[in-house]
Structure formats: structure tokens, C-alpha cells
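Some features that TrEMBL has for this protein:
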BINDING   Thr540  Ca(2+) binding site
COILED    48-75  coiled coil
COMPBIAS  559-568  compositional bias 'Polar residues'
DISULFID  Cys388-Cys420  disulfide bond
REGION    553-581  region 'Disordered'
Amino acid sequence: MGRSRSSSANMWKYMNPSYYLKRPQRLALLFIAFVFATFFFWDRQTLVRDHQEEISKLHEEVMRLQDLLEELKNGRSIAGEKPNFSRSGDDVGKKMNFLDDPVDAQRREKVKDAMRHAWSSYEKYAWGHDELQPQTKNGVDSFGGLGATLIDSLDTLYIMGLDKQFQRAREWVANSLDFNKDYDASVFETTIRVVGGLLSAYDLSGDELFLDKAQDIADRLLPAWNTPTGIPYNIINLSHGNPHNHRWTAGYSILADSASEQLEFIALSQRTGDPKYQQKVEKVILELSRNFPDDGLLPIHINPAGEEVEFVYSTITFGAMGDSFYEYLLKAWIQGNRTAAVGRYRKMWETSMQGLLSLVRRTSPSSFAYIGEKLGDLLNHKMDELACFVPGMLALGSSGYGPDKSQKFLSLAEELAWTCYNFYQSTPTKLAGENYFFGKSQDMTVGTSWNILRPETVESLFYLWRLTGNKTYQEWGWNIFQAFEKNSRIKSGYVGLKDVNTGVQDNMMQSFFLAETLKYLYLLYSPSSIIPLDEWVFNTEAHPIKIVTRNDRAMSSGAGRSSVGQQKSYRRPRSRREGRW
């Protein structure tokens, strides 16, 4: 017991502070030991915490990779994006771009937000009508009450992943869309917006409803082609089938309106197996080719009622009323997958591009390239913003040439895109006017000064970015988008401008703003695997249509008969129920 008490007393001696105050060396050693122990403990805690964070990150990465693997198994894409829309489940993801630029992702989300705003405004104030008037918050039926904005937006909603909105639109198409209307419809506008929009929705979703509706409206348009020459009338009554032309054209047909239905009607024949649609539109090209001029440039008016095709003395232009004819020569060749069966389209397009070179001039002092308009031997130094689709078209078609010509046309495309971008940058609002004039000592001046939310310049920026990888085109597109946000966005949608100099707003949200402008902006900041250009072709309303290889001899032989059964069979994409998602 005595030994135990003595040991206890000695132990408590070391706990007394006075012991160390009398022995400073031991105090110092104790302090050093305390510091080392503290650092050791803190370091171990830090390591444990870092280790836990690292494990957490690795766990999240494993979960993300598991999700990605599951998405790829189900034919889906990465990071919540839409699928890459490949031809079969076997190559889904083969062309995926896994390195998504964070700036692109942020900008893409901003464009998607703009689409949400435009669509929700349409839903709230103009549901089922053709277009929204945002200022007065009501709908108008600019196209006979066919729900133009709704149908025009189907593929944009699908591509952006706005699934709930897409389903609500699909229900309206199923339950409310009725084409039996006593209305004189534009054959061209109805084809590119309604037929094209429905076909694109079908190609993307695989939903047979859209194909059935597309065939319904196309059947109502077909009598317009019942003319002596096969050149269609441009107006038809959807209920009674009575075709005619505008009075202001003196009864003549318009070039763009009559020869820009190939993509939609050929696709319809491929998907339904009924050759009549393809036969009608390919006869137009065959007839035009019989008297095709050496420069490939056609006037905008054609007589449909003569014994043979007669070109009427009128303006030659790549702007309004001429534009999409040249666009569809190239895109019908691409749609057929560039085979001999569609070689005539490419040959005619190349002839027209040689003619286009004769219309190109450059300004002083800045040397902006532009495309003039021609009437007889007179060149009018005017260019529509509508003609700003040309840079994208030239870039898209340049790959079909040899190296020298390819570079020549690609360089011209880049020059013209710079001009079109400056249509925007030259005004106080940074939005382009409808057309521009060019003088000897003045680069460009606005002619018609309104802006109605047109997509053509953004369309060309999209193609040039996809085909060159030059991110400058993304920057230009972003500047244009910001100008739309600043000048055209209001609480109830988007509006155009009556004057790009003053910024005075109009009262219309055009359907093509949702169908084209916002879609091309979204794709400008999306990976190239989203709607790849070797698998899809865009119609002139920006509706992507699946490329199907053609092996028939209709165009190459000039027989005028479509051999739909000889084409590579059309394989529709799997539906969501079958695992698309």
C-alpha cells in the first residue's frame, strides 16, 4: 500500500504546473511535444477528410459512368442531351462527343430557355393557332388554322429534350389537327412547314401519327401539280382542291414556290411506299432541266399552263422567290446520299453555282462580298437577308468538288458569311434589316428596315461551324442571339422589329423563329453528334429529314418515274417505347 501511494504522489507531481515552471527545459520539451502531436492529429484528420472527398468523387464518377453505360445501352446520349439519332442501335454513341465545352453547354441552355419562353407564351395565348401576337396576347391563323407554330416546333422540342411540351403538342395533333378547311393555302409554305414538320417529327420519334397526318395534308396539295407542264400552281383550296396562282404574279408560278418541295415529297414516298409524291416533284426538275440555261440561273416567274415550260422575263435572285430552288438542288442530292440516281440534282446545282459567281461583287472600301440581283442585262446591287442561306449552302456543297474548287467555294462562303454578320453589326440594334443596298463608295445601307426574326444568317453560321470547326462562327451567333434577347424578348414571347434603327417592335412571333432560328442556335452550341450532317438533311424550314440512299434511276435516266421499291428500305428510328430513351 505504501508503494502504491508513493507512485501516485510521484505521478501527480508531473501534473502540477509549478513543477515545470521550476524546470524550463522540460517545459520547452513538453510544449514541443504538444505542437508535434497537434500537427500530427490535424494532418491525419485532413488526410481522412481528403480521402473521404476523393472516395465521394470516385463514387459519383462511377455512378455517372453507370448511368452513361445504361444510356448507351438504351440508345440515349450523354448528360441529358437528345440521342445522336443514328441509323441503328448498334452504332448509337459511335460519334458521340464526350468533351462538351462548358461554354457551349451554358449557351445551349440559354437558347433552350429562350425556346421555353417562346413556347410557353404560345401555349398560354395562342394554343392551336398558327402564330402568336405577343403584344396583344392573342393567336392569329396566318396559314388557315393548321397550327403552324405548333407543328413547326415539334422537332425543336424533341431535339431540345422538352418532352412534356412535345407530348402536349402531340396530343393536339392527334385530337385537334384537321386539314379539311375551306382555305386557299400556299402549297410551298404548307409543304415546308406542315409536311416537313410532321415528317421530321416522325423521323425523330417513330410515331406513326405524324406520318399519317403528313400523308393527309400532302394528298390535299397534290392536285396543284395537275398542269400541262407539271409545274404546280402555288395556291390550293384544302377542302375543294381548286388550284390557282396569285393575281399579283399575273397567273405565273413562282420559282421557289414551285420547285422546292422535293425533300418533303420524296421522303413521303420513301416512308409510305407510294411513288406518286416523288413522281410529281421530280417531274418539275426534269422539266426545268430540259431548258436549263448555261449559267443555271432561272427567273422567278414560270408559266405553268403552256405546252412546255416557259421562263417569264423577271428577276434572277438568290433572295425572295428564288432562294430555295437552288438550295433544294443540292439537298435533294444529299438526301439521296449522293448516288447516281440523284446525280442530275448535283449537276444542275454546280451549273447554278457557276452562275452565282457572275452575280458576286465586292464593296468599297471594306470589300464585303455580296450577291446582286439580275434583270435582263442589268445588275441590281441589292441583297436580301434571305440570301444569307447561301454561305451555308456553299459550305455544305463544297465537299462534292475537287480540292481547288472546294476551297474556292468554301472561301466564298466565309466571305459572304462575314457580310451577312455585318448586316447585323451595322445597325444600332445589332439586328439585320430585310435587305441591303451597296454603292460605289459605301459598303452597305439598310433598304427595308424591318427584322422579323429570320434565321438565314444563323443557319449559315451553323453549317460553317460544323464543317470548319472555327469557333468564330459560334461567337458571331452568340452576338446575334444576345441582340434578339435584348430587342425582341418581351414577357409574352418574342417580337420582330419594325425598324432595326429605332428598335420599334412589331406584334408577331413568326413560327420559323421556333422552327429555325432557335433550333440552329441550339445546334450551334451542341456536339456534332446531335443531328449529324451525314445522316440528316434540313429542309428549308430547318426540319431534319433522314437521309435514305437512292438506287433508282428516275432522275439519272429522265424517265420521270420513281422506283421507290428499288431504293434502300427506309428504317424508321425506334420509338421511345422500344427503348429510344
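Using N, Cα and C of the backbone, Cβ positions are placed for all residues, glycine too.
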Tell me, how many other CB atoms lie within 10 A of the CB of Cys388 (disulfide bond), whichever protein chain they belong to?
29
Relative to the Cβ position of Thr540 (Ca(2+) binding site), how many further Cβ atoms are located within 10 Å?
26
Between Cys388 (disulfide bond) and Thr540 (Ca(2+) binding site), find the distance joining the two CA atoms and give it rounded to the nearest Å.
13
Give the number of CB atoms, excluding that of Cys420 (disulfide bond) itself, located within 10 Å of its CB.
30
Report, in whole Å, the straight Cα-to-Cα distance of Cys420 (disulfide bond) from the residue listed as 'Ca(2+) binding site'.
18
